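A short worksheet on the structure shown next.
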Amino acid sequence: LELDETIRTVPLNDKGGTVVLSLEQVKEGKLFNYACAQCHAGGVTKTNQNVGLEPEALAGALPNRMKNPTTYDGEEEISEIPSIKSANIFRNLTDEDLKAIAEHILLEPLVVGTKWGGK
């Protein structure tokens with residue numbers, strides 16, 4: 001699958017900025033399949049299938065977070081269920097790995113369309 005620059009252009013921030021991912025960054029993002037897909041296969045959240053990883057759902061998550069997992073509404077910490085804080089699989093992920101995974105999550109809806117996140 002060859003991804004042109006248009007597809008590899010993903011949101012950078014909430015002010016409308018974008019960034020073009022390199023093919024190497026796209027490849028590194030496949031770390032998602034190793035580290036996250038057990039609970040988020042295809043961008044669907046195993047524990048709450050009403051909340052996926054599609055851009056619209058991510059935009060509505062409050063507060064914005066990456067390293068402190070909470071429920072979608074931000075009310076409850078979920079570090080006791082598989083997450084970055086508790087699972088052995090996440091202990092070796094660096095900030096660069098997390099960035100690559102986040103880029104993958106932003107790229108997938110552009111690659112697979114509405115299949116990502118189950119919507």
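Yeah, the Cβs are placed from backbone N, Cα and C, and that goes for glycine too.
Straight from Swiss-Prot, the features:
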- CYS36, CYS39, HIS40: heme c binding site (BINDING)
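CYS36 (heme c binding site) falls outside any helix or strand according to DSSP and counts as coil. Each of the binding-site residues CYS36, CYS39 was scored by the number of other CB atoms within 10 Å of its CB, and the largest score is that of CYS36.
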